[in-house]
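According to TrEMBL, the features are:
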COMPBIAS  41-64  compositional bias 'Polar residues'
COMPBIAS  86-202  compositional bias 'Basic and acidic residues'
COMPBIAS  203-217  compositional bias 'Low complexity'
DOMAIN    220-298  domain 'UBX'
REGION    21-65  region 'Disordered'
REGION    86-219  region 'Disordered'
Amino acid sequence: MSSSDINMLVDMGFSISKALLAHSNDAEPSPEPPTTESAPMSNPVTSDQQDTADASGQVSTTEVAKSMKCDICGKLFKSNLEVEFHATKSGHDRFSESTEEKKPLTEEEKKEQLRILTEKLKQKNKEREEQEKKDAQEREKNRIKSGKEMAQARRKLEELKMKKLLDERKREKEEEKLARQKVKEQIEADKAARRAKADAEKALAASPSTPSSSTSTYRKEYNDTKLQIRLTNGQTLTQSFGSKEKLSAVRLFIEINRTDAPGPFSLMTNFPKKIFMEEDYEAPLNALGLTPSAVLIVQKKVE
């Protein structure tokens, strides 16, 4: 409610205090006008008139000031309180007494002023409701935006975690593949070395030697042996090994190529019945009687 609305209420017959109360209940706080009580207008008498009255001994009457007038905007006011309030609101500082009477509003004018005030109040309430609605929509928009940003951040974090996990698994598979390849290459290198050694020994044995008068027992030597390996699931593996290869090479071959369930195992033969111990794995196959061929049985190792 503006100062013009307060003046309108005063014109309608409301006291300045009630108009100010309505202003404080409906509008923004404004500087409080001085609380001096309204005083009736005095009847100023000029010094010349006083001298004339004293000289003549007769009572001289002058025109009575019926209102105060703002010399800047020309508005009329009934009391000093209205003048002070107008000065506070508008900043006007020049006032003078006036013989003009501030006419009260007619009933029609009062109704019109009341209608204008009512429309202003409705418009102000409407604007306030629209602003509140706009603020609520803005808050909801910000809440939805914040929720979407948080969901997007969580989704991106999950994607990064999944990518990291897949990269780790891929790296582990590559390392495992390289390790298997190295084992195979080592086995092949060992086989080649043993074959070369066997060929050298064979060539040395075939060279002429000094006849000996003593007779020696003839024992046939085999360079290779063929092993049939029975797994725990009933399937078999067949592979040739050098007769001087260690039993540990056979165990490594089984670990790489087995198709049954993984896990610790031991080796044995049925004919003759023999379970190979840990120290046997460092002995060559011909020393263990596994040449020129043999059947090895894989059995789960009992802890």
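Quick reminder: no glycine exception, Cβ is built from N, Cα and C everywhere.
All TrEMBL annotations are machine predictions without curation.
Secondary structure of the compositional bias 'Basic and acidic residues' (86-202) per DSSP, as helix, strand and coil residue counts: 101 helix, 4 strand, 12 coil.
Across the domain 'UBX' (220-298), DSSP helix (H, G, I), strand (E, B) and coil residues number 16 helix, 29 strand, 34 coil. Mean pLDDT for the domain 'UBX' (220-298) in this predicted model: 93.
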